[in-house]
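In TrEMBL this protein carries:
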TRANSMEM  A:21-42  transmembrane segment
TRANSMEM  A:48-68  transmembrane segment
TRANSMEM  A:73-91  transmembrane segment
TRANSMEM  A:97-117  transmembrane segment
TRANSMEM  A:124-142  transmembrane segment
TRANSMEM  A:187-204  transmembrane segment
TRANSMEM  A:238-261  transmembrane segment
TRANSMEM  A:273-297  transmembrane segment
TRANSMEM  A:328-350  transmembrane segment
Amino acid sequence: MNQLALAIPWLGKRNPAAARWVVIALALAAPLIAVLFGKTWVRILDFAMLYVMLAIGLNLVVGFAGLLDLGYIAFYAVGAYTFAFLASPHFDIHLPFWLVLPAGAGFAALAGIILGLPTLRLRGDYLAIVTLGFGEIVRIFLNNLNHPINITNGPQGINMVDPLVLFGWDISQGLQIGESFKINSLFLYYYVFLAFVVLSIILVQRLQISRIGRAWAAIRDDELAAKAIGINTRNMKLLAFSLGATFGGVSGGLFAAFQGFVSPESFSLMESIAVLTMIVFGGMGNLAGVIVGALALTALPEILRYVAVPVQQALFDRVILDPEVLRMLLLSLAMIFMMLLRPSGLIPAYSRYSRPELVVGKESSGEAAK
Amino acid sequence: MITLLEARGIGKRFGGLTALSDVSLTIRKGEIYGLIGPNGAGKTTFFNVLTGAYTAEQGEIVFNGTELPAGKPHLVVEAGIARTFQNIRLFREMTALENVMAGHHIRSRANPFAILLQTKHAKEEERLITERAFELLRYVGIERFADTVSKNLSYGDQRRLEIARALATEPQLLALDEPAAGMNATETGKLRELVQTIRHDGVTVLLIEHDVKLVMGLCDRLAVLDFGKKIAEDVPAMVQKNDAVISAYLGGGTHKAGAAA
């Protein structure tokens, strides 16, 4: 719960209890607010939740362990395609999601290790190039594995992926309450995704404040010194890659079920970069920053899409700049201003890797030094 | 006295340059052992071979009766040798406390699953690590900076923190690479006290140092390296009188100028 309260930077420090409730209320009420602007916005919110999960997973690799990964979307693809293979008419397999989702996570983790093994000695730009290549390889495989044997159905992708079925209840059908009232499935998906996001936050927070989180931060800050205090850097890096990939895999599986359709074009390099941008924008290494970054950068382009056209029409009677062009332009501008004004992101990292308050009598000294 | 560490015939080359040739030395349990020599004599190279950062072409190092694995720093730490660096290498973005806690990594066991599930054992271990880290910070005298991000500490305190982090690995042998470099007289004096306390508490200390005065006053025994060879190994008083050592430090003799410290 505290980790959620941290997401409010101002109130969070002054009155953590109130901040916590604000966060909870916002998270629960978000789709109800969004629906006032139209159902599309609830859908956007659903996607935002998936991006938050992706950002949390990538942050574990890039922000904590300092391993720059430009091919992260590949794990999202692995999760999504695993779900599509095991729960769609494509192979005519329809396994329940509680089997398929862990399978997707498992395969993604395996892919993480496969990517991690040959790149253990690489850092910085070199690592970025290799991971970028990995991401593209996965996408190209998905694009071309329809021949000679049709596995992925190539560029057409896989259709009619099974929706999430919780205890025999297909949530894509919505929830019928009484005769007249029906809760749309978009809302239900939102709350399912929210549950996954909350679980991810809790798990990542636990990892962060542990010997493993500290080992990752140590490798990020100084790999040689990390070795010199006995950290097995190989194992810790592989662990970061595989655990980070797991989040991508789960998110991908949820994406497949939500969308009902997967195709290679959802997993392009631009997507990897988009997720990385969210982390940088929000504040690398800081969980709250990463979440805010993901939400902001999912919502902004959509707001633009709905605002840019009417505004331009009102002002100039015609559309001068296509929203898509404007999107890239404004995103780039936003990034440039971020780098100039807040180089460490919207919410600069004050990441903790310890809890001094665990030792009796240290609570006060911990706060005083801040 | 019991032998803690024995290096036998260590040789290390970098391309055509012989950095170490046939260096043998013995460190006894509970002593402060100094390793000195002019710039480029091979002190730090020896250090890196000892701690597994480099692999030596010849020779072996026996620690506590077993041969040390070559080129595997984390196993060397596990065996009980901890080091500090000549140019301080802290984990910059972490607090002083977290730096020391990271040092406990090798002596803690919680696996990812235990951490994700927050088992009773994992929680208890985390609490113990935190407690131990506070103790170590107090031990080196920087407990009040526990919550300060390490890059913001003063130079002398960073040195102390690095020693605390090394001690967190629970070493039998603490290897300090020029700990007094860049320190003023007061700080050096405090460092001397700290090293003596550490030895008093049962940790053997290997000290590489440029500050001859510090070494002479602090060490029980010394080895002198010059051009990758050991030219003397004895108590400080005897080393001071050694002809080879004098010529190595003051020039002349068989060596060319440029070796002077």
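Along the chain as shown, residues are numbered 1 onward.
The backbone N, Cα and C atoms fix where each Cβ goes, glycine too.
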Two-stretch contact, the transmembrane segment (A:97-117) and the transmembrane segment (A:273-297), at least three Cβ pairs under 8 Å: no
Recorded stretch, among A:124-142, A:238-261, A:273-297, maximising Cβ pairs under 8 Å relative to the transmembrane segment (A:48-68): A:273-297
Contacting positions for the transmembrane segment (A:273-297) when only residues 6+ beyond its ends and CB under 8 Å are counted: 3, 6-7, 9, 48, 51-52, 54-56, 58-59, 62-64, 69-70, 72-73, 197, 201, 204-205, 208, 331, 334-335, 338, 344-351
